[in-house]
Amino acid sequence: MDPPRTPPPSYSEVLMMDVMCGQVSPHVINDTSFVECIPPPQSRPAWNLWNNRRKTFSFLVLTGLAIAMILFIVFVLYVFHVNRQRR
């Protein structure tokens, strides 16, 4: 029985490790489409801006959903209360 070996890292994991170390390994050089997806260092601020926009957008959506839920509950309670008063 062989001892269980750890599975080899996936393609994206290797790519992320290479990008973090600032080097692109030989197996990526042939695949230029993947390299173009990685932003060059000078365009990092644009990426940060996009991430901030995404965070604000999701924050607004979640806040809107929370307010809508609260209003819906208040409306249901109000209708229930009015129906109880009529009897």
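Keep in mind that glycine also has a Cβ here, set from the backbone N, Cα and C atoms.
A quick note: this is a predicted structure, and the numbers were derived from the prediction, not measured.
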#### Entry: Annotated motif 'PPXY motif' segment (source Swiss-Prot; candidates 8-11, 24-27, 40-43, 52-55)
8-11
## Note on the structure
Mean pLDDT across the motif 'PPXY motif' (8-11) comes out at 65
